[in-house]
Amino acid sequence: MELAVGASEATMRSLLGKLGNLLAQEYSLVSGVRGDIQYINDELASMQAFLRDLSVVTEGHNHDNRRKDWMKQIRDVAYDVEDCIDDFAHRLPQDSISDAKCSFILTKMYELLTWWPRRDIASRIAELKVRAQQIADRRNRYGVNNPEHCDSSNSPRPRAHAAAQDIAEYQDTKPQIVSIKEPVGMKTVMENLEKWLTEPQPDKGRAVLSIVGFGGVGKTTIAMALYRKVSGKFDCQASVAVSQNYDEDEVLRSILNQVSKQEEAGGSTESSSRDENTREPQGSSSTSSREENTAESGTKRMLNKLKKALPLSLLGGNDDKTSVRQQETMGSLQLREELKRRLAEKRYILLIDDIWSAKTWNSIIIPFLPSENDKDSRIIVTTRFHAVGSTCSPRHKNDEATSSPGHGKDLLHKVDFLTGDKPLDLFNASIPDPMKRTDRDKKLSKICGGLPLAIVTMAGLVACNPNKANSDWSKLCESLFPYPVTTLNLDGVTRILDCCYNDLPADLKTCLLYLSIFPKGWKISRKRLARRWIAEGFATEKQGLTEEEVAEAYFNQLARRNLIRPVEHGSNGKVKAFQVHDMVLEYIMSKSIEENFITVVGGHWQMTAPSNKVRRLSLQSSGSKHGNSTKGLNLAQVRSLTVFGNLNHVPFHSFNYGIIQVLDLEGWKGLKERHVTEICQMLVLKYLSIRRTEIAKIPSKIEKLEYLETLDIRETYVEELPKSVGQLKRISSILGGNKNTRKGLRLPQEKRNKAMKNPSPQGKTKEPAEKGFLSQEKAKGTMKSLRVLSGIEIVDESAAVAASLHQLTGLRKLAIYKLKISEENDTFKELLSSIEYLGSCGLQTLAINDENSKFINSLYNMSAPPRYLVSLELSGKLKWLPKWITSITTLNKLTISITVLTTETLEILRNLPSLFSLTFAFSLSAAKQDQDTVKGILEDNKLATDGEIVIPAKEFKSLKLLRFFAPFVPKLSFPDKSAMPALEIIEMRFQEFEGLFGIEILENLREVHLKVSDGAEAITKFLVSDLKDNTEKPKVFVDGIVTA
């Protein structure tokens, strides 16, 4: 089923397995239905074999309309069969009665009680059998022929064994970090534009830089590079994308949220540790009002509308800073007023990406900008249209593509297609691994017509086909563009994207098209996407690899092909978040609509809704009054629902709960407790995310979701899981708590009785042991599939929970956000024992935030070190490193308390062969209470080495990222150029700073990022400014204070 996008081979294999299980349930079937199911099973298996042969022989070639239509019919009937089976499981009890006592009587009772639903299902199966027969007949009637071997000259490579090769090849990638990169071949232009943005204007007023150019020419790349480089020189900054179909309130709220967070952080944006989606265009805040959980009366709704329409000055909300909770309920008039007030006395820089009309600029952006601001503020705008750019920058003196400042109050910069050697330079720079340079590169870069998007995409195609002969590449160039190409138009871009798309293995095509669920400009989390791929059945176990490893290999290949653009790497060197270029997203969106794979309602795209059944629905906020309407859509077959933005209504009543497998409601403020109760009726649900919603309780009925694999309740008000969660047999990821606030999620356990009625022989009252969530009778032996348990809380009363962790032998990640236990308590011993045991079973990530610090210090003498660890994070007042840490050769990421920062510590750690990132940190909440204590410890630590921390020479061969996050960072010195030879980036966040010396001699160090907290003393500001002004290499970026 590979070529029927959305019904991959894995999906078909799952369907055939379900049919087999149904045939085995003799007591559940109505007489005569067994033969129909067997026929459907055999017919679909034959169709799958036919399509598999078709994909091997003709991959990379277009199919005629008859074949495409026939494939769609197979896909639709396969979906409908699976929906019928899932509905069968939903409506009929599945507990076996064949082995029960008096099974004959029970069987007759079962048949009587379930007669009507079984007859209904039998009727539907008979209809599906007829459809399967008709599809088979139609193939012969209309001449859908068997596949013949085709000439593969137009396809970059034969695909017979591509899938196997791809997984093996892309399973592992080298860890990397994202640095600020300048667009290729634009050094002088970037320098001039940066100078214009940072130099003061004569009247110190607001000035606008408009970047104009064709789609894919690199406008956003230039704008983002400039924004990142200069934002540290401004008091506050914000970026937002607008596009064609925008939501005015969301645009304004996104800017206000970014500005507000910087004010709360003391003038700089604290880097967030959240590992899931954030959105650059129309971002929504992570908190909002809990009061919305109650049903609103008509009067209350009317009052809310009235409040949104009134200025803040009339509501008395103008005196103090508004909270994020208040901002969520503001209307556009109030948002503009609040933004204008906050920006009035600040030097700000704004990035407004992808404006499509002058009306947008005049009606949305201009009204919230302070009319009088003499702080030399700047705005960067990108647009495809010259007229729009002229409207945004009305005071530029000419319309030519100028990169030199001084031509007017505003600046309009036109981005042209690349010429000369620049296309080839970009092509070579876009191939990840060094490959032999040949004439192939020049030919391929030439047909791209100087368009950067086409160049990097074609380079990705080459990178994934290293063994293809030059003659084959020449044929490919001739087939794509028989005539010489000067500049590339939209049709030319589509041809190149078609070529790259057709080269993908079928499973990867499905994974790529799945990205059309996300809105334009969305910053997509790699982990979130991988979990959803697994839930949809797109990434399954194969060739000895787990589902997670297969998903990672698929993602790595899409990144290598440059079809997605990594924008954020985690401290472990893996991609944390990525984006899809607008033109690529538009392309895969059109493919998804053609295949009826994804249906998008609202959002940036103005697409016509399909007239057929909706399988995967993406609801997105929109500026159009009718843009969010699902009216006229058949939603009874929806199996995947995703919500983005602040939608007022989601049509839950229109869905068939028995077939929904993926439910992603992250950030939806309209979610109520009653919705969660209804969700517990979705019996085949595999993926559930209610992250950043207002939900405070998970109902006990969640035990009904026996197929649930991922439960994401991070950053909600849920404080404890119900006991029934221990009965989820297939659960693989439980994600809770809030990493930023260190709020933890309590795991359930039975409360201890005060006393038993029968006293012990000694006359003392005996207390029964508590039962953990895996000690319940129904939960025994369950949760063997659990791989990730993140964000939990362990306190003195959690002894039973700590003991239950022994049973999670498949656990790969354990993150304890809040640990507060005393050394004398049983919980202390049970948790230490569990961690030792899990470490021997394959635990790869361990993170502990210890408020008392006694537990993390007890790890020093752990008898059995966790030898499989890849990531270790120990937060608290650590006194010494665990003595076993040098034996963990697989350790890639280490985060430890800054209280152990000594030259001796660095001497111990320098021989870790795989260490990629090293972070010394101390949480801000703890720092406020123990700042003097921490500073005293660090002062003592540096006494042994003449008042400084010395970075030892040699070793640290793999370390590329070094970070210090603490209120006080002592003097650090690199006396030898061989110290940390692979180091590329240093990051620091502090309030007090004693200096960083010797960095100019480090050969591979590219960037130093300094973020200064509000309240820093003059000496710290002087040292920071001096370091920036007197260091040419590496580049020093400062955020949080305005430097000269």
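Using the three backbone atoms N, Cα and C, a Cβ is placed for every residue, glycine included.
Features of the protein shown, as given by TrEMBL:
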- 12-96: domain 'Disease resistance N-terminal' (DOMAIN)
- 187-271: domain 'NB-ARC' (DOMAIN)
- 258-302: region 'Disordered' (REGION)
- 320-397: domain 'NB-ARC' (DOMAIN)
- 517-586: domain 'Disease resistance protein winged helix' (DOMAIN)
- 637-738: domain 'Disease resistance R13L4/SHOC-2-like LRR' (DOMAIN)
- 737-771: region 'Disordered' (REGION)
- 781-1014: domain 'Disease resistance R13L4/SHOC-2-like LRR' (DOMAIN)
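DSSP places the residues of the domain 'Disease resistance R13L4/SHOC-2-like LRR' (637-738) in helix, strand and coil in these numbers: 20 helix, 19 strand, 63 coil.
Secondary structure by DSSP for the domain 'NB-ARC' (187-271): 44 helix, 12 strand, 29 coil. The DSSP breakdown of the domain 'NB-ARC' (320-397) into helical (H, G, I), extended (E, B) and coil residues amounts to 34 helix, 13 strand, 31 coil.
Look at the domain 'Disease resistance protein winged helix' (517-586): DSSP puts its residues at 31 helix, 16 strand, 23 coil.
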